[in-house]
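To start, the structure itself, in structure tokens.
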Amino acid sequence: MGENEDEKQAQASQVFENFVQATTCKGTLQAFNILTCLLDLDPLDHRNFYSQLKSKVNTWKAKALWHKLDKRGSHKEYKRGKACSNTKCLIVGGGPCGLRTAIELAYLGAKVVVVEKRDTFSRNNVLHLWPFTIHDLRGLGAKKFYGKFCAGSIDHISIRQLQLILFKVALMLGVEVHVNVEFVRVLEPPEDQENQKVGWRAEFLPADHALSDFEFDVIIGADGHRNTLEGFRRKEFRGKLAIAITANFINRNSTAEAKVEEISGVAFIFNQKFFQDLKEETGIDLENIVYYKDSTHYFVMTAKKQSLLDKGVILNDYIDTEMLLCSENVNQDNLLSYAREAADFATNYQLPSLDFAINHNGQPDVAMFDFTSMYASENAALMRERQAHQLLVALVGDSLLEPFWPMGTGCARGFLAAFDTAWMVKSWDQGTPPLEVLAERESLYRLLPQTTPENINKNFEQYTLDPATRYPNLNLHCVRPHQVKHLYITKEMDRFPLERWGSVRRSVSLSRRESDIRPNKLLTWCQQQTKGYQHVRVTDLTTSWRSGLALCAIIHSFRPELINFDSLNEDDAVENNQLAFDVAKREFGILPVTTGKEMASTQEPDKLSMVMYLSKFYELFRGTPLRPMDSWRKNYGENADFGLGKTFIQNNYLNLTLPRKRTPRVDTQTEENDMNKRRRQGFNHLEELPSFSSRSLGSSQEYAKESGSQNKVKHMANQLLAKFEENTRNPSVVKQDCRRVSGIGKPVLCSASRPPGTSCCPKLEESTPRLPPPLKRQFSSTVATGQVLRELNQVPASGECPSRPWRARAKSDLQLGGVENLATLPRTCQGALALSGVLRRLQQVEEKVLQKRAQNLANREFHTKNIKEKAAHLASMFGHGDLPQDKLLSKRVPHAHPPSPPSCLPSPHPAAASSPPAADSVSPARKVVALNHRLPPPLHLTVGKVSSGIGAAAEVLVNLYLNDHRPKTQATSPDLESPRKAFPLSLGGRDTCYFCKKRVYMIERLSAEGHFFHQECFRCSVCSATLRLAAYAFDCDEGKFYCKPHFVHCKTSSKQRKRRAELNQQREEEGTWQEQEAPRRDVPTESSCAVAAISTPEGSPPDEPISPKKPKSVPEPNPRDVEAEATSPRPSEWTSVRISPGEDTVRQDVLAVRVLVTSEDSSSDTESDYGSITAPCAGAYEERPQLPESPPLSKPLTRHISLRENLTQPVSLLHEEPQALPALQRAHSLQSPTPSKYQNWRRRFQSNSTPMNQRAPSPPKEPPPPPSLSSSSSLPSSFSSASVPGHTADDSSSPQVTYNLHSPQISRGDVSPTPIYLRRARAQGIVKEIPLYLPHSPMLESTEDCLVEPGRESLRSPEEISSSEGCQEARALGNTRSIQHPILGKDQYLPNQNLALGAAGNPGDPREESRMGQPGGPELSKERKLGLKKLVLTEEQKNKLLDWSDCTQEHKTGEQLSQESAENIRGGSLKPTCSSTLSQAVKEKLLSQKKALGGMRTPAVKAPQEREVPPPKSPLKLIANAILRSLLHNSEAGKKTSPKPESKTLPRGQPHARSFSLRKLGSSKDGDQQSPGRHMAKKASAFFSLASPTSKVAQASDLSLPNSILRSRSLPSRPSKMFFSTTPHSKVEDVPTLLEKVSLQDATHSPKTGASHISSLGLKDKSFESFLQECKQRKDIGDFFNSPKEEGPPGNRVPSLEKLVQPVGSTSMGQVAHPSSTGQDARKLEGGEGGSSLVSSLVLVSDPVAPVTEATSSPTSSSAEEEADSQLSLRIKEKILRRRRKLEKQSAKQEELKRLHKAQAIQRQLEEVEERQRTLAIQGVKLEKVLRGEAADSGTQDEAQLLQEWFKLVLEKNKLMRYESELLIMAQELELEDHQSRLEQKLRQKMLKDEGQKDENDLKEEQEIFEEMMQVIEQRNKLVDSLEEQRVKERTQDQHFENFVLSRGCQLSRT
């Protein structure tokens, strides 16, 4: 008997083993049935089955399985299987989710029945598993059933294997599984319950199945179908047509197959090149592809329909997807070929054979299906009750929420839903009320679509059935029971149709501001906004808008700084409309619906177009109150940032703080208090003007100034008021826009233009700052003498009304320059200033409103002010400014000087000089130059106390008159008014699609580059890929649009050759012209300066800004110079490729890539979207040509550090330039949070460029601006030309690059490296010409170039050399286009350039000469000379610096290096000007400054040695090389420079001094200036630590750092954002010299540097000291990354990007070396002063490499045991390192998958948005036809109702476009993150190679990878900053809106 028992036991064990190892569904069932028969078990006894089975099968394998299952079943929620012992459940579908639900219910003790209509598990398709899913399945014993389950780093499994695992577990737990049974429907309980109490049953096929009598309480749909269970309404998420192909190939598990890497996913968003290569090679066009290796080689891809048609896979094209993919319409053979080709290409043809696996039908396992639409149930569960029987109905799996397959969420979310459903069943079984059960389930279901691996709990061990263990921050009551009443169904079952939903998320601001207004409300709103504007009478939505003034008025009413309404000419409808369209597009992202020309050409604009266009304004500004000063400060803080939004208005505060309340306040006491309050608060960045803070001067008051009595004042006020009232009725009067500053009461100059009889006569308006607000924007003029001068000093370019937008000046200023203007100027002035004209105009002012205002104003004003004082102001104002006076004014103030024509660029003084706003066309600027040649310098007249600034202001008045009252001025162009595109006349109308030439209706219309088209027609001309408004390229010459990867095809080679010839000719002419003009310069010839020097020509007035990048030899252009332009290529002919943000109002379309290739017939097509950044310096961006940009710069104010340094330096030149102080004070007060952000870009843009030996500047297109303060007066004429005679280049291989010198406003900091795709294009050999435009920045020269290190004789940054060094990066592409990266929109134009103007001076002035003798003057001059030479290095010199193996040679001093640079400039003749030009005293000062820096220069630097150098590399490469060179100190060269490589202890010595001096600089009295840098560093640190794509487990390896690596922390590496703000008193170092000094030094020369640098990394753990000894002994670079795991700081396993790429903080130089080797002080320093070093990132970039080459034991040890222990220790460390490397690899893969899934989600969302837009377009077209009378039933419907529907459609479209732009921003950030991660991994692999085996190519590759990675890091940084700014702005706007609503007594309900 015992033997039989043993036999039976052995048999059972074998059968159980067969059951566990079964590989099919049938085999599993068969083995299970045999097992139950053998062991006499009853499967229907679900309560005892598992326990009995466990007791009878006790093999060791089975026991391991029982242990796991018991551990799961021990959870308290199951109550030992008794929680739901009375519940019967039916689960429809035996898929993974159905079986997982069954298992949970079985654990709860329920009776569970699963019906599956098939008896085979044949799905080879692979599921991606989340970490918690893997953990959960392992807990169920998955590894016992399938040994390969998630082995290693595998995170996927085939559906078939997963089903088998769960199937077996379910059977063992007592679940009944019935196969070949199909569920049909639920049967209700019969009505006759008396005879038989039958509950809920189901109908099955076959009908006679035993389950037909099974009664159940719970039914769960898990079959993946959408309508298996009735009662669930569904939402449809439709994208564009998506056709998926799955293919399974036989996996023979060969070695070759094992080597093929899986493809976790290739997303089209950031892998476009892969798909384009695939298409070019095979003709297969995919959107994504995934390859998983399981039991088969599984491929899944999304194919494009056109590709399938072209390849013959689909025979015929049908609109209906079902017909399209039906078997009759698919060629199976072509489908197999298609899948095989795609798989071959994706695996790089490495799979030896691709034989298809066979599916359950015996056919090749290839399938094609449609997932265009995805569905989700609105509810997860419902309750039915019939005849007192309740039925709980639930959904899980795909039936509940269909996944988007590329995201890999299906299985994980299905399991979560299974757990939630089981929890619901448990709650219901325990007696919880049904409504509460449903409410809790719905609360959980709302979380399900949002779950990701990141936002669920990470402690998987604690996961139970309780949702609180899985979801953090869980709210089980977010849905209340009363909200789910409709889910408790007691009546007949309802059938719910499918409901189509858009998946577009709705932001709070959108939903709460939902509009339901009708067009008549829109009209009313427009009337309210335009009320009070002259010539604006809005009576309808059509004709009232034709002149364009109404549109401009709406914009002006909300953003007055954007448009100067006074300068608009009512007759110029084209310009007015185009201005409004351009400003709205640029600032608000509102796309134009037509062009200015079309608008003016039609008698009545299209009503629907206007409704659509105006609705966008309504949606944007609705609810925005007219903001008085108090509310503004209340909402935005006392120190309000008035630059909220994209235009950072630093000084144009006048336009933002105007009182707008229309109801005057009479409470004088309150107003006085408000005035005092505001006067106390003031503006932090402006001086108080107490003398006229409450004074207002009117011309008519001046007329009565003799009267001092208050009664007479009142009388005059009344008399004046009566005249005012009549004045406004005259339609010919241009609206007065002179206004005072609310809250400060500063008078401003009148900017309104008037007819000849008009004088600038302000109304009696303000006597206190808190005035009754005027009628909207009809403000009085306020004029003063000294106060006005002070105002001019404070507001740059305020030679005209500060309230007038800065960009509006170019038009008026330049119009004045014509010959006819000069002829009529005296008469104009007389007419404009005639007092009689004033009185006549005063009689035409509007009556009622102004009466109260004037009375109040007069009372307040004349109570407190002296009439004589006012009269003096008025007389002074109008008696000066080159304007002849007559009548009363001439009597009072004699005008002794003849009128002088104003300068083309009027500004009161260099500090306030602001260049005129530039248009994007260059041709108007040429006209300006020509006019300026004929204008003599303005005579600066003085009358009384008024300085020359008033003269410029008075000139503005004449300009305004000429502009506004001359019908059309030919001397100017509308392009100068605003950066807009004058579209070619050949364009089609707005109703014709640019591509298909068919009718395009309003709702479906998109516009770009002045073209209008259908959304579906907007495709790339090369690949026909769908384009988006936020990412495209456009060729103006060819009129074609391109996608990003194909924009390089924009120009043909013939055009390149033509332009090359033109540019060559131009360069020759320029060189000749410069040689001729050079002798005219009054500059010492011995100075060595390059093109970057700045100076003022003899004939140039001091108030004209001088471009810092103009050649010194360029004098003021004259007509002869202008003639030379005719022979040189016109700027409009230069091809400029622009990648710019499309409608990037709030950075929405940040990814816009528009490549404009300008031509002669489209001369103004740069249509800048970046304008109006900073009002005072907006002009600095208007006229600038497009620059090569990678990601534009996002932070507005960044160059103030140098200004602040100048202010604090006792030897600063600023003290000799009193006029510059106001601007400098403003700069000091408006400190940038990212002080030196742009210096990095100035380094970066030169990274991949050719030498500067092939450039020649074009003739300047306008007079040079005034020089910067730091410019030297002793600059040589011999180096004025940008062309270097001694250098030649191969023009055929590298075309010349010519720069346009006409724009003095361009900041060099704006130039950034080309995007990645640009470099790719360059790598492919695409050579095109790029006439790069010079960045001209007074800021750069006046402020930043002052940043010289006291111990250096050369500039610190290589970019400060010359104008020709400005844009090297884009030149590498070879096309005559400038590239602007799309990331940051218009903020790439630095909005702070005006600050530099404050430091401008006239070098020709004797004061400049005297300044040069002062301390600092010669030094600055010297530094300038050196800096201007230093990067004109020969190729040999540059290569020498970049040669990684060149560490053997001694380092030169900065002087010698500069001498060599000078030699290169001269073409080979060495002239040591550096040392010879400095006096002995200056040298001594420099020497003392060197000592003050204490060790900045190492001894090795001071050993001069001449040497030959190889060809050049870019400065960025130079920096990167130096960094890497410092890492490779164990190389041959490193050994030569390391006399004591065997040193076992960290040397001590000299760096003490350096550390101290650097820290002293950081902690000096100017240390507070570094706080913005620290802030930025922390911000970057936070970002990188959060968004790092790097490995999460490698941080410990960052601790074993070589001394030289850490020492290189002091490098001014390009990505270190805050580098230039580090030493406030330091001078800019020459980069080659700096690298020679800092990078190439050895640890023996800087004894303590290693420890201090390691400590400076900010490692928070003291354990780093324990492995310093090991660090110093390691020779191989690999050793430095081999720090064992236990040696790293505990828990420091996340090498975030903070360590990898964090920019050096604002005190990075101070952080370089700290005297303490303990690290505590250094950590404190790092924590307080910003992030860790960027250079240290290289440590983390490198993967820990293999074995440590040297034993770390003491070399003095001679014991064999010790050696053995050492070897053992090494082996252990190697093992640990291998383990760590494996973890890092897994982490990197997880990060990659995370990015992939995000990308797939974004891609899907974009498709859904596109589809939703298409649907809206269809509806809108139908509606539009009806409204236009084109439909048959047009006259039968109410127009008001139709317009209301139309309005709703328009609003919906606006939301969709906004959401689309947000998605594109996310996509761009994801692309950068992915690219960075790939580069990092690539660099890790490169650095694993032993140093001895590396050749030049290897080192070069490492260097290039490092450079590219640094560039990507910068781009991400800029993008994050941009997004942060946008978020801040949105939050502020929301808060402002909420405050407004709450102030109205309303309540906000967020939805």
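A Cβ is built for glycine as well, from the same backbone N, Cα and C atoms used for every other residue.
Per Swiss-Prot, the features are as follows:
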BINDING   Cys97, Glu116, Lys117, Arg118, Arg123, Asn124, Asn125, Phe183, Tyr298, Asp398  FAD binding site
BINDING   Cys1020, Cys1023, Cys1043, His1046  Zn(2+) 2 binding site
COMPBIAS  691-700  compositional bias 'Low complexity'
COMPBIAS  910-921  compositional bias 'Low complexity'
COMPBIAS  1061-1070  compositional bias 'Basic and acidic residues'
COMPBIAS  1129-1138  compositional bias 'Polar residues'
COMPBIAS  1228-1239  compositional bias 'Polar residues'
COMPBIAS  1246-1256  compositional bias 'Polar residues'
COMPBIAS  1269-1285  compositional bias 'Low complexity'
COMPBIAS  1291-1306  compositional bias 'Polar residues'
COMPBIAS  1350-1359  compositional bias 'Basic and acidic residues'
COMPBIAS  1532-1545  compositional bias 'Basic and acidic residues'
COMPBIAS  1599-1616  compositional bias 'Low complexity'
COMPBIAS  1678-1688  compositional bias 'Basic and acidic residues'
COMPBIAS  1706-1720  compositional bias 'Polar residues'
COMPBIAS  1749-1759  compositional bias 'Low complexity'
DOMAIN    991-1053  domain 'LIM zinc-binding'
MOD_RES   Ser631  phosphoserine
MOD_RES   Ser1683  phosphoserine
REGION    1314-1353  region 'Interaction with MAPK1'
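Distribution of Swiss-Prot features across the structure.
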| residue | record | CB count, 10 Å |
| --- | --- | --- |
| Cys97 | FAD binding site | 30 |
| Lys117 | FAD binding site | 16 |
| Arg123 | FAD binding site | 21 |
| Asn125 | FAD binding site | 19 |
| Tyr298 | FAD binding site | 24 |
| Cys1020 | Zn(2+) 2 binding site | 20 |
| Cys1023 | Zn(2+) 2 binding site | 18 |
| Cys1043 | Zn(2+) 2 binding site | 23 |
| His1046 | Zn(2+) 2 binding site | 21 |
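Ranking the binding-site residues Cys1020, Cys1023, Cys1043, His1046 by the distance of their Cα atoms from the Cα of Asn125 (FAD binding site) places Cys1023 first. Each residue of the domain 'LIM zinc-binding' (991-1053) gets a DSSP state, and the totals for helix, strand and coil are 10 helix, 20 strand, 33 coil. In three-state terms derived from DSSP, Tyr298 (FAD binding site) belongs to an extended strand segment.
When averaged over the region 'Interaction with MAPK1' (1314-1353), pLDDT in the model lands at 41. Comment: FAD site residues Cys97, Glu116, Lys117, Arg118, Arg123, Asn124, Asn125, Phe183, Tyr298, Asp398; largest CA to CA distance 31 Å, whole number. Of all the binding-site residues in the record (Cys97, Lys117, Arg123, Tyr298), the one with the smallest CA separation from Cys1043 (Zn(2+) 2 binding site) is Tyr298. Taking the Cα of Arg123 (FAD binding site) as the reference point, the closest of the binding-site residues Cys1020, Cys1023, His1046 is Cys1023. Taking the centre of the Cβ atoms of Cys1020, Cys1023, Cys1043, His1046 as the Zn(2+) 2 site, the nearby residues of that chain (Cβ within 8 Å, site residues left out) are Arg1019, Ser1021, Val1022, Ser1024, Ala1025, Leu1027, Tyr1042, Lys1044, Pro1045. Cys1023 (Zn(2+) 2 binding site) and Tyr298 (FAD binding site) have their C-alpha atoms 29 Å apart, to the nearest angstrom. Taking CA atoms as the reference points, His1046 (Zn(2+) 2 binding site) and Tyr298 (FAD binding site) are 32 Å apart. Following the DSSP three-state reduction, the secondary structure of Arg123 (FAD binding site) is coil. Distance between Cα atoms for Lys117 (FAD binding site) and Cys1020 (Zn(2+) 2 binding site): 48 Å, as a whole number. In this structure, the CA atom of Cys97 (FAD binding site) is 43 Å away from the CA atom of Cys1020 (Zn(2+) 2 binding site). Reported as a whole number, the C-alpha separation between Cys1020 (Zn(2+) 2 binding site) and Tyr298 (FAD binding site) equals 32 Å.
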